[in-house]
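Asker: I have a structure here, written as C-alpha cells, and I will follow up with some questions on it.
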Amino acid sequence: LGDVPGTSGAVFVARPESKSPDRFGLFGAPPLEEGYVILVGDENLKQFPPPSKFLPSVWNRSRAARLVCCSIVLCCLCLAVFLYWSENMGQTVTTPLSLTLDHWKDVERTAHNQSVDVKKRRWVTFCSVEWPTFNVGWPQDGTFNRDIITQVKIKVFSPGPHGHPDQVPYIVTWEALAFDPPPWVKPFVHPKPPLPPSAPSLLPEPPLSTSPRSSLYPALTPSLGAKPKPQVLPDSGGPLIDLLTEDPPPYRDPGPPPSDRDRDDGEAAPAGEAPDPSPMASRLRGRRELPVADSTTSQAFPLRSGGNGQLQYWPFSSSDLYNWKNNNPSFSEDPGKLTALIESVLLTHQPTWDDCQQLLGTLLTGEEKQRVLLEARKAVRGEDGRPTQLPNEINDAFPLERPDWDYNTQRGRNHLVLYRQLLLAGLQNAGRSPTNLAKVKGITQGPNESPSAFLERLKEAYRRYTPYDPEDPGQETNVSMSFIWQSAPDIGRKLERLEDLKSKTLGDLVREAEKIFNKRETPEEREERIKRETEEKEERRRAEDEQKEKERDRRRHREMSKLLATVVSGQKQDRQGGERRRPQLDKDQCAYCKEKGHWAKDCPKKPRGPRGPRPQTSLLALDD
C-alpha cells in the first residue's frame with residue numbers, strides 16, 4: 001500500500017474474532033469485523049467503531065436486502081389503505097336526497113306526471129339549503145316524512161312575500177314521491193298505521209291512482225307516542241286562524257285516526273255525528289258521503305252547507321292553483337281570459353279573503369296584483385252610489401290587511417260578497433289597455449274562422465283597447481260596421497249587398513254570415529272547381545287559337561288571291577296592248593299635238609272651256 005497516497009507509514013493491526021455467539025450481521029450475515037483490518041496511521045492510533053454499526057452499507061451492498069425492504073414498505077402501505085377504505089365504507093349512509101339523485105329519471109317522470117319540471121341543481125339547493133331554514137324539522141339530507149313535507153309545502157304556498165312560488169314544483173314532486181312512493185322509496189317511507197276495527201270506513205276504498213292528490217292540510221300521521229286531544233276552537237266571536245301557519249280546525253269529535261287515504265279523499269263523518277262548531281266559514285262542503293272521484297279531479301269544491309247548516313272551510317289544492325297558472329296565459333298577455341277564469345273561481349268556489357290573496361299571488365305578478373288592487377279600491381262606491389274617496393269607506397269595503405270578518409254571520413258573508421265584486425271590477429279595469437283603435441281594426445276574420453268566433457275576438461279587442469263596452473246597445477252600430485268590414489272578403493261582400501242593411505241588428509248579421517260561411521265549398525270541392533275552371537279555360541284558349549289560325553289563313557289566302565289576280569291582269573294587258581304603247585316624248589314636246597315648243601296644258605290646239613284660251617307662255621331659250 002505504499003503507492004497509495006496518504007498511507008505511508010501505516011501498519012496493519014488485526015482485530016480478534018468475536019467469540020459472542022449472539023452477534024450477527026443484518027439478515028444472518030456474519031459480523032463484518034471477522035478477518036477485517038483497519039488501516040491506521042502511526043501518528044494517531046486509536047480504536048474506531050466497527051462497520052457493522054453502519055447498516056446502510058449493507059443496503060448498498062445487498063440486492064436481496066433492498067428487495068425485502070421494499071416489499072415490507074409496500075405491504076404496510078396496502079394495509080393502511082385497506083383499513084382506511086374499510087372504515088369509510090362502513091360509515092356510508094344512503095339519504096333521501098342521495099336516493100333521489102341516484103334515481104333522477106324516476107324523479108323527473110314523477111314531476112312530469114304532476115305537470116311540472118324540476119332541475120337537479122335546484123332540487124339539491126332547496127333540499128339542503130332552503131327547506132331546513134323553514135324550522136319545521138326538515139333535515140339537510142331530505143326526508144320522506146309526510147308530516148314534515150306537508151309543513152314545508154304550507155310554507156312554500158304562503159301568500160304574499162312569505163311564499164316561495166319558485167319552489168312549488170319541487171315540493172309537489174317530493175310530496176308525490178312520499179304519498180305514492182315508487183319501489184325504491186317504499187323502504188324509506190314510514191308505514192301507514194292499520195285502520196282500527198272500531199272505526200268504520202266512511203267511503204269505499206278508491207282505486208289506486210298514478211297521480212297523487214295534494215292538499216294544503218298538514219299531514220295527520222299519528223305518532224308513536226300519546227296523541228294529544230285536539231283543541232276545540234272558540235266560539236264564532238274569536239279571531240280567524242291562519243290556515244297556512246296553524247293546524248286545521250277539527251270538524252268532529254276525537255276518535256280513532258282515519259287512514260291517510262280516507263283523509264285525502266275528504267270523507268264525511270258518520271251519519272249520527274255532527275261536526276263541531278267552527279268559526280272558519282268559507283266555501284261550503286257537505287259532510288255527507290261523496291262519490292269516489294278520480295285522483296285527477298279538483299280538490300276545491302264549490303261551497304255547500306253541512307248537515308246542520310254550519311259552514312266549513314276547505315282551502316285550494318296546490319294542483320288546482322298550479323294547473324290554473326300553467327294552462328292559462330298571463331294577465332298582461334291576455335287579461336280577458338284570466339279574468340274570466342278568476343270570475344268563474346269567485347262564483348263557484350266562493351273563496352275567503354285569504355284565498356283571494358293566494359289566488360292573486362299565484363296567477364298574477366306583483367306589479368299586476370298591485371294594479372288590480374288599486375283599480376278595485378277605485379271602484380268602491382259611497383252611499384250615493386258614486387265612487388268614493390273616503391279612506392274609511394274604502395278600507396271597510398276592500399281592505400288591504402286581513403279583516404276581522406266572521407264568515408258564520410250574514411254580515412261577514414255580505415262583506416265577502418262585496419269584496420269579490422270589487423275584486424272582479426278591479427280585474428276588468430286593470431286589464432284595459434290605452435285606447436288604440438288601430439288594434440281593433442287589425443282584428444280580421446281568419447280563412448277558416450267561424451263568424452261567431454271572430455265576433456268574440458272583435459268584442460274582446462273593443463274591451464281591451466277602447467273605453468267602450470261592445471255589449472252596450474249604443475255601440476252596436478260601430479261593432480256591426482267593424483264586423484262587416486273586417487270579415488272575410490267573400491262574407492263581407494255579401495253582407496254589404498244585403499237589402500235594408502241599416503235595419504239589421506248584429507245578431508242578424510251574424511246569422512247571415514253563418515249561412516254564408518256554412519255554404520262555403522269544402523277544400524275538395526274547391527279543388528275540383530279550380531280544376532274544372534282550368535280545363536274550361538284551356539279549352540276556350542285552344543278554340544280561340546284555332547279560330548285565330550283559321551282567320552289568319554283566310555286573310556292570307558285572300559291577299560294571295562288579290563296578288564295573283566293583279567299579276568295575271570297585268571300580264572294580260574301587256575300582251576294585248578304591247579304594240580300600241582305611246583311613243584316617248586321629248587322634254588319640250590306636247591303630248592296633245594306632238595309639236596315641240598310647248599306642253600300639253602299650253603297647247604293652242606287643245607279645246608278650252610267657256611273661259612277662253614289661256615295666254616300662251618313662251619319658253620325662253622338660253623340665248624334669249
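Glycine is no exception: its Cβ is also placed from the backbone N, Cα and C atoms.
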Asker: Can you tell which of Asn448, Asn478 Swiss-Prot marks as N-linked glycosylation site?
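Answerer: Matching Asn448, Asn478 against Swiss-Prot annotations yields Asn478.
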Asker: Looking at 290-309, 350-369, 490-509, which stretch does Swiss-Prot describe as region 'Disordered'?
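Answerer: Matching range for region 'Disordered': 290-309.
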Asker: Looking at N-linked glycosylation site as annotated by Swiss-Prot, pick the matching residue from Asn60, Asn113.
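Answerer: Going through Asn60, Asn113 one by one, Swiss-Prot annotates Asn113 as N-linked glycosylation site.
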Asker: Through the lens of DSSP with three states only, how would you label Asn113 (N-linked glycosylation site)?
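Answerer: Reduced to three states, the DSSP call for Asn113 (N-linked glycosylation site) is helix.
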Asker: Below 8 Å Cβ to Cβ and six or more residues apart, same chain only. Which residues does that give for Asn478 (N-linked glycosylation site)?
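Answerer: Counting only residues 6 or more apart in sequence, the Cβ neighbours of Asn478 (N-linked glycosylation site) under 8 Å are Tyr468.
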